[in-house]
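Report on one structure; see the data block that follows.
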Amino acid sequence: MEEDEDQFLLSSLGVTSANPEDLEQKILDEATKKPDNDEGGSVEEKSTQLEGTNLLSSSQNELLNKLRAVKFEIDAVASTVENVDEIAAEKGLKKDDESDLQGLHSGSALQHALATDRLRSLKKRKIQLEKELTGLHGQSASSSADHGNLLRDLVKEKPSLKRKLKEIRKPSRRDGKKVKVVSFREDTDFDAVFDGASAGFVETERDELVRKGILTPFHKLDGFERRLQQPGPSNSRNLPEGDDENEDSSIIDRAVQSMSLAAKARPTTKLLDAEDLPKLEPPTAPFRRLRKLYKTPNSPDNEAKKRKAGKKSKKTRPLPEKKWRKRISREDSSLQGSGDGRRILTTSSCEEEELDDFDDADDNERSSVQLEGGLNIPECIFRKLFDYQRVGVQWLWELHCQRAGGIIGDEMGLGKTIQVLSFLGSLHFSKMYKPSIIICPVTLLRQWRREAQKWYPDFHVEILHDSAQDSGHGKGQGKASESDYDSESSVDSDHEPKSKNTKKWDSLLNRVLNSESGLLITTYEQLRLQGEKLLNIEWGYAVLDEGHRIRNPNSDITLVCKQLQTVHRIIMTGAPIQNKLTELWSLFDFVFPGKLGVLPVFEAEFSVPITVGGYANASPLQVSTAYRCAVVLRDLIMPYLLRRMKADVNAHLTKKTEHVLFCSLTVEQRSTYRAFLASSEVEQIFDGNRNSLYGIDVMRKICNHPDLLEREHSHQNPDYGNPERSGKMKVVAEVLKVWKQQGHRVLLFSQTQQMLDILESFLVANEYSYRRMDGLTPVKQRMALIDEFNNSEDMFVFVLTTKVGGLGTNLTGANRVIIFDPDWNPSNDMQARERAWRIGQKKDVTVYRLITRGTIEEKVYHRQIYKHFLTNKILKNPQQRRFFKARDMKDLFILKDDGDSNASTETSNIFSQLAEEINIVGVQSDKKPESDTQLALHKTAEGSSEQTDVEMTDKTGEAMDEETNILKSLFDAHGIHSAVNHDAIMNANDEEEKMRLEHQASQVAQRAAEALRQSRMLRSRESISVPTWTGRSGCAGAPSSVRRRFGSTVNSRLTQTGDKPSAIKNGISAGLSSGKAPSSAELLNRIRGSREQAIGVGLEQPQSSFPSSSGSSSRVGSLQPEVLIRKICSFVQQKGGSADTTSIVNHFRDIVSFNDKQLFKNLLKEIATLEKDQNRSFWVLKSEYKD
C-alpha cells in the first residue's frame, strides 16, 4: 500500500523509480557474458578468436579462483603460526605458567590460537573446494595437484588482453627516483584472488558467524571463551564433547534461520530520475527577485496573531509543550533528591512495564542466566535482548575476564547502548560492579540516564553537566554561530568556561563513589575541564559513546581520556575506523593500551610497509610484505572489535526504502550559479589565491537557495526564502503536502542553520506544526523536544541539522525522512537516516535525498558512492578527502549543460564506470544500460554488504591518495590479493623466485611482530592511565631519553589549579609546551626524516626498504630510537646476553652518527646495566630483555 503511495507521489513529481539491485545485476551479467569487449578505451585490443582452447566452465573457473585465494592465505597464516611457535619455543612459554592475565593476553597466546583456528578452517575450506572441483570435471580426489597445471594451461593458452603501459608520474620532490612502467593485463591469478576474496580476507566459518552476531570472536578458544551455563541443578561448566557437537549444530541451524529472516527483512533502495528538465538559460543572467512576493497566507487567525505581536519582529522558536518540559524537570529533581530514581521517575508505559518486571523479580529473588566465570545476567534483561545483543554481552564479559577493553562497532541503530547497560547491570547483579563513568555528546546525556533507569533501575545515575543542575543554563547559547555549518565542536561541546568554583561537583562525585551502583554520565568537554577530579578516581568501567572523537592520537581530549584509571575501557561507535591506520591505533590504544605498541614503532613496522605495498609501482616483495603485515595486524585487533551489520543480523527492523531525487535548478539558481563560475573568485581559486572551500560553500548555498548569498542584507525582506527560487524547496513543498494528507510524520535535515531558517519560515507560512533542533538549541530543551516529537502525533515535522545530537539520537516517531543537502562525509547522511530507522521503529521508513542535478551536489554524491566502493564492511565510514588535486578542483567548478537532450546526470555514468572497473579485474563489457535514464546509485549500509566488490583503479596512472591505499591494503583484502598475485605473475614467473620473495616477506613480517612485542613490553612498565607515546605526546613506552624530554611537560589546563600535584601523581603529560628544548625538535625532525627516507628508499630500492638485522646492510645516518634500541638488544643477545663496551662500539660505529651518540648511550642504559669484575667491565641485558 505504501509502495503504491510512493509511486503515485513520484509520478506526480515527474520522476521514475528503478531497483538498483536489478540494474547492477543486469550490468554485471552483461559484463560476464561478454568478457572480450572494449570499454571506455581502457582496453587497447579486443580478444582474438579462441580456437582449439578448452576453457573451463564458469563454475569451475570460480572454484579454481576461490581455491587459489584460499591457498595464498593459508601460506600467509601458516607463517604467522610458525613465527608465534618459534617465539614461544625460544622463551619456553607455557600457557599454564602465565599467572598475569594482562601479560598473557597481550602476548602471543591469543594470536596463536586465532591463527591456528583460522588455518584449520582454511584447510577445511581447501579440501571442500577440491572435492567440489573433482565432482565437476570427474577427476579423483587425489588429482587436486592437477589444478595448478590446469590453471597454468589456462593462463598460457588464453590470449592476454593487453592494456596501455602506464607511466607513473614522477613527483617533483623525488627527482632522483627512477621511473617505473607498470603494465596492467588481465590475468587468471589476478581474477582468482579477487573473486575468492571479494568480501575481504578469505572469510572463514568463524568470521561469518561473528559477523552475523551468532558467535563471539573468542568462541571455542580455551581460556578466552565464557559460555552460557546450562540450566539445571548441576550447572556444570564443562560440557561433554557430544554436547559441544550438538551446540555447534544448533548454532549452524540458528545461523541459517537468521540468514533467511535477514534476507526477507532486507530493505530496498530505489533509483530515481527527474524528467522534463528546464532548458538551458543564457550564460549569466542578473539575479532578480520574483515579482510576486511569497507571503504567509492571510487568515483571520494569522491577522490576529500579527496584531497581537505588534512591532515585535524577532522570530522565536517554538518550545516543547509544558508537560514535556515538566517531565524533564521532574527527572532532574527526582534523581538529585533520591538514590533510587525508579520510584519517582515519570515513565512511559513501556518503561513502567520494565519496572514491573524488576518489582516482580524482587519478590521472587530475581532469576538469572549465568555465564562461565560467574556473571549472572538478570532474566528480565536477558529475555528482552536479541540474540546478537546477548552475544555482545557475552563478548564484553570475555573482555572483562581478560582485563582488556574493546570497541563495539555495531552499525548505527542496533542497540550498542542497551548491550553496555545490560552488561554493567549484570556486573552489579553479580556483585562485581564498581562506580563507572560514561562520556557522551551533550545531547545524549538524558537519553543515557533514561536508558539506564529503564534497563537496570538499581543504578544510581548522576549527570555531571550544568544543564542537568542549573535550570537557567543555556539562556546564553542563543548567539549566532560564526560557521554556516554545525560541526562536532559547535554542536555537542558545552560552550562554557571552566568553573571557578572547584568544589562545585564534589558532592555529586561523592554520591556516585559512595554508592555501590554509582554511574556518572558526563561529556567530553566536562572530562577535560574537570580532569583534576575525574582522573584521580579508579573507575570500574570507562565507556566512550561516539568514541571516534578520540581518533586523533595527539588531541587534548584523546590524551585526557587515555588517563582514566581503569583497565576496563569500552568504545562505542557506529563508525569504528575512519581513514588512517593512525586513527585505528589511537582507538585501540585507549581500549587496550600498548596492544599495538607505541605509535612510532607501529608506523615504522606496519604503517610504512602497508603503505609502500599499496603504491602502484610497488615491487612484489613490498606488496607481499604489506599483505603479511596486514595479516598479523588483523589477528591482533579483530578479537577486540565487534562489528555487526543490520543486513547480517535479525534485528527485527521494519522495511526501509530510500529514494534519491535529482532536482532541477530554477531560472534564478542557474543564472546565479553560472555567474559565479564566470567570476574572478573562481579564477583566484584556480590560481591558488583563494581557499577552494569558499567557492564550494557558495555553490552549495546556491543549490539550496540563492537567497542564502544575500542573507545578511535581505533576511528581513518579505520575499526572502521564496520557495519558487529553489528547485529542492519546490519538491519539498509538494512532498510535505502529500505526506500531511497521508498522516505521515517527517524529519527534515539540512547541514546549515541558515537553511533551516528558510525552511522554518516555509513551515510557518504553510501552517505546519513543527519543532526545530540545532547547535543553538539549549541542552535542557533537547530531550523535551525529542520526547514530544516521538510521543505526540500532533507534531508533523521536526527540522534538524544533520550533526546535532550524534549517532544515538532516537527519533522513531517519524517514518519519513528528507535529507535536503548531501554531506561530503557519507556517514553524516547515514546517521541522519538512522535516527528514524532503528530498533523501536514500528512503521516502514521512506527516505528522500535531494540532489541538484549537474552541480557540486551531484559531485559530492558521486564521491560518496566512490567511498562506499572503496571500503569493505568493517570500514564503513571513511571521511571525505582533505584536499583535492588540480583536475578534481576543475571538475568541481563546472555546471553541466541541461540543454543537451542526450545529457545525463554524472551519477548515471557510475554504472558505465562500474562496468569499466569490472573489466579491469577480469570481466569485460561495453554494453551500457539500454535506456538513457539518469540513475542515482545509493549504497546503503545494509545493501553494501551484498554489493560486488570492485577494485577502483586510477585511470591517469597516478597512485591513489595515501589514505585510500592504506584502506585497500589493510582491510579491502581483494585489493591486496589482486596486487599480490598480479605483480607476482608479471615480475616473478618461476616458483623458486616466488618462494624466495614470500620467505623474505615473511621475515619482514616476523620482525615487525617482534618489534611490536618489544614495544608492548616497554609500554607495559607504565600505568594504564599514562598516555602511550605517539612521537609527539605521552611518554609510556618511550625510550628513557625521549621520556625525559617529552614527559617533563604537563598539560597546564589540567594542572593550573589545585594545591596538590595530583596531575603529576597520575603521570599526566598531555602534549608539548612551547618552551621545549631544541633537542626535542631535532629528535622529531630525525624521526620524520627517517620515516620519509624509509618510504623513499622503499619506492626505488624495494629489497632494502626494511631494516635488516645485520649491521652491514644498514644505512649510515640517523636512526629512529625504536629501531636503534632493537639493534642494540639483538646484538647483545647474540653475544650471550652480555658484551664489553669495545665490541659494542666497534659494531655500531658505522651505524650511529656523531649526533646520535648521546641517544645511543641512553638507549643502551635503558636495556642493559654496566657491571665490572677484576679484569674488565661489560654490559649485561636486563632480565626482561634477555629472551
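Yeah, the Cβs are placed from backbone N, Cα and C, and that goes for glycine too.
The following features are taken from Swiss-Prot:
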| type | residues | note |
| --- | --- | --- |
| REGION | 1-55 | region 'Disordered' |
| COMPBIAS | 23-48 | compositional bias 'Basic and acidic residues' |
| MOTIF | 162-169 | motif 'Nuclear localization signal 1' |
| REGION | 223-247 | region 'Disordered' |
| REGION | 273-343 | region 'Disordered' |
| MOTIF | 290-297 | motif 'Nuclear localization signal 2' |
| DOMAIN | 397-594 | domain 'Helicase ATP-binding' |
| BINDING | Asp410, Glu411, Met412, Gly413, Leu414, Gly415, Lys416, Thr417 | ATP binding site |
| REGION | 467-501 | region 'Disordered' |
| COMPBIAS | 492-501 | compositional bias 'Basic and acidic residues' |
| REGION | 1050-1075 | region 'Disordered' |
For Gly415 (ATP binding site): DSSP state (helix, strand, coil): coil
Among Gly413, Gly415, the most crowded of the binding-site residues [Cβ within 10 Å]: Gly413
Three-class DSSP secondary structure - Asp410 (ATP binding site): coil
Cβ atoms near Asp410 (ATP binding site) (within 10 Å, other residues, all chains): 25
Integer mean pLDDT for the domain 'Helicase ATP-binding' (397-594): 81
Cβ packing number for Lys416 (ATP binding site), 10 Å threshold: 26
Asp410, Glu411, Met412, Gly413, Leu414, Gly415, Lys416, Thr417 excluded, remaining Cβ within 8 Å of their centroid (ATP): Gly574, Arg838, Ile839
Other CB atoms, at most 10 A from the CB of Leu414 (ATP binding site): 25
